[in-house]
Amino acid sequence: MSSDHTPNPISDDPKTPLLPLHDPIQRSPSSQYSSLTSLLTPNNFYILLGPLLCTIICLWVKLDAPVTSIYMLAILAWMFSWWLTEAVPMPITSMTPLFLFPLFGIASADDVAKSFMDDVIALVLGSFILALAVEHYNIHRRLALNITMLFCGDPLNPPLLLLGICATTAFVSMWMHNVAAAVMMMPVATGILQRLPMGPTQSNVVGKFCRAVVLGVIYSAAIGGMSTLTGTGVNLILVGMWKSYFPEADPISFNTWFFFGFPLALVIFFALWAILCLLYCSKGSGQILSAYLDKAHLKGELQMLGPMAFAEKMVLAVFGMLIVLWMTRSITDDIPGWGTLFNGRAGDGTVSVMMATLLFIIPNKKQRGEKLMDWNKCKKLPWNIVLLLGAGFAIADGVKSSGLAEVLSKALDFLEEAPYLAIAPMVCLISATITEFTSNNSTTTLVVPLLIEIAKTMHVHPLLLMVPGAIGAQFAFLLPTGTPSNIVGFTTGQIEIKDMLKTGVPLKIAGIAALSFLMPTLGAYVFGTNREV
């Protein structure tokens with residue numbers, strides 16, 4: 001530290017004043033100019049854009065509807081402009097309904113706050129605590145080594161190894177959030193790639209295989225998430241909105257979704273594998289790669305991890321029990337699940353939190369009195385997702401109670417004439433395009449309420465449009481910014497945007513085609529869309 005007494009903001013001396021007592025520097029015109037330019041930044045413009053759009057809509061938009069519907073539209077403009085530009089961190093934008101709704105007279109403070117904690121959100125919290133436990137005990141690393149051993153083949157078969165890595169990522173992503181699955185599996189994948197030569201000595205074949213593995217992991221995480229309710233926030237938002245818009249209808253249970261989502265994900269998954277093999281696995285690549293990936297080395301690493309400890313076995317047992325309970329809560333109309341014992345009062349969130357609680361009770365047998373999890377390990381809980389889900393539910397309630405829903409449905413009358421078979425791919429394509437520029441969850445929050453109104457005017461079952469809209473929002477395959485798991489792939493330095501475009505475009509087309517075919521056939525059967533809502 002220098003000897004002169006300039007107030008140093010970072011000094012450790014407790015006597016130093018926190019703020020400089022007087023400003024010794026006289027402001028020159030140039031410093032005033034620089035302070036003006038520091039105000040005129042794009043970010044500050046985006047911050048002002050929200051309230052500005054809100055004011056313009058309140059003052060100039062006229063609708064033949066209650067005034068609250070105009071206010072609701074204004075709030076939506078404010079929130080979506082902030083979400084799209086990320087002027088304010090996303091979780092903070094997600095909390096704006098807590099003050100905007102009461103101030104504009106759309107809902108009372110208590111009613112809005114209730115949207116931010118609901119069974120779906122309990123489900124997210126519980127399953128994230130479990131995912132953190134899996135990560136903490138390094139269970140994913142053991143999994144990775146076992147897969148590579150299993151799929152390595154003797155001699156090495158690159159397409160098979162690629163299938164193994166992708167299938168595991170997709171499987172892991174079914175039970176935890178996409179981003180968590182990608183973050184967990186990327187070190188596993190790069191661990192396999194570390195055995196290959198890097199840098200200028202790298203041959204074309206090896207480079208291609210590295211790109212295929214990284215792309216495989218990020219896309220499989222997205223595809224695996226489609227197959228279960230808990231796999232991704234989008235499915236949860238869809239189910240939450242279905243419940244809040246149609247409280248009398250049968251809720252979509254974990255099982256119902258699985259019977260539709262899993263076959264769909266399976267079709268898209270094999271399309272992904274075929275695309276990656278065609279583009280990145282050339283003939284004869286097995287011989288070149290087998291020099292670096294041998295089974296003996298992998299066996300050595302597995303032995304270094306040692307046998308499974310009690311703690312790891314218990315975390316896996318709790319996870320397994322949770323999946324069984326989710327699958328058996330309500331099975332079919334003829335075979336009731338355990339949910340009927342509680343008169344349908346228990347939800348998927350109930351079990352999720354109950355199982356997570358067990359982690360704080362069961363000892364880990366490593367140190368005396370220590371449990372499998374403690375609250376410090378839960379500091380990494382993704383509150384941003386929790387708040388975003390809450391905002392989605394709050395918006396769904398607000399659109400309905402303010403009268404904006406009816407206004408929207410009147411504006412969409414022209415779609416009544418369009419044939420349904422053309423509408424599903426269209427909805428999916430619109431959703432899949434918007435999602436490249438905003439987060440998957442914001443896209444769903446934006447698109448699904450609109451689709452519900454379109455479905456009403458077209459007199460079709462709302463799920464026939466809501467499901468393609470929500471699944472389309474998960475096809476963020478083209479840009480790194482489309483979804484956080486894409487960024488996880490980019491940070492490895494193995495892939496470039498052109499790789500994502502080359503693989504993403506055919507994958508997106510395959511996804512939209514699969515969805516357009518399965519929704520009117522399998523979807524109609526699973527969701528019972530031929531019945532009245």
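Keep in mind that glycine also has a Cβ here, set from the backbone N, Cα and C atoms.
Feature annotation from TrEMBL assigns transmembrane segment to 68-84 (among others).
The transmembrane segment annotation in TrEMBL covers 90-108 (among others).
Tertiary proximity for the transmembrane segment (120-140) is limited to same-chain residues at least six positions away from its ends with a CB under 8 Å from its CB atoms, namely 172, 175-177, 180, 184-185, 188, 229-230, 233, 236-237, 239-240, 243, 305, 309, 311-312, 315-316, 318-319, 322, 347-356, 359, 372-373, 377-378, 380-382, 385-386, 389-390, 393. Sequence annotations record features per position, and here TrEMBL assigns transmembrane segment to 120-140 (among others).
The annotation transmembrane segment is assigned in TrEMBL to 160-193 (among others).
Taken from TrEMBL, the feature transmembrane segment covers 213-237 (among others).
Annotated transmembrane segment per TrEMBL: 257-281 (among others), in sequence order.
Per TrEMBL, the feature transmembrane segment maps to 302-326 (among others).
Tertiary proximity for the transmembrane segment (346-362) is limited to same-chain residues at least six positions away from its ends with a CB under 8 Å from its CB atoms, namely 118-127, 129-130, 133, 229-230, 253-254, 314-315, 318-319, 321-322, 325-326, 329, 339, 371-375. Marked as transmembrane segment by TrEMBL: 346-362 (among others).
If you look up TrEMBL, you'll see 383-399 (among others) marked as transmembrane segment.
If you look up TrEMBL, you'll see 419-439 (among others) marked as transmembrane segment.
The feature transmembrane segment is assigned by TrEMBL to 460-479 (among others). Same-chain residues lying 6 or more positions outside the transmembrane segment (460-479) and placing a CB less than 8 Å from one of its CB atoms are 219, 222, 225-226, 232, 234-235, 237-238, 241-242, 245-246, 260, 264, 420, 423-425, 427-432, 434-437, 440-441, 443-444, 447-448, 451-452, 454, 486, 497, 500-501, 503-505, 507-508, 511-512, 515-516, 519-520, 523-524, 527, 529-531, 533.
According to TrEMBL, the feature transmembrane segment maps to 509-528 (among others).
Listed as Cβ neighbours of the transmembrane segment (213-237) (distance under 8 Å, sequence separation of 6 or more from its ends, same chain) are residues 120, 123-124, 127, 162, 165-167, 169-179, 181-182, 185-186, 189-190, 192-193, 252, 254, 257-258, 261-262, 264-266, 268-269, 272-273, 276, 280, 326, 348, 352, 385, 388-389, 392-393, 440-441, 443-445, 448, 470-471, 473-477, 483, 485-486, 488-489, 492, 494-495, 499-500, 503-504, 507. Among 68-84, 90-108, 160-193, 257-281, 302-326, 257-281 has the largest number of CB pairs under 8 A with the transmembrane segment (509-528).
Among the stretches 90-108, 160-193, 302-326, the one making the largest number of Cβ pairs under 8 Å with the transmembrane segment (257-281) is 160-193.
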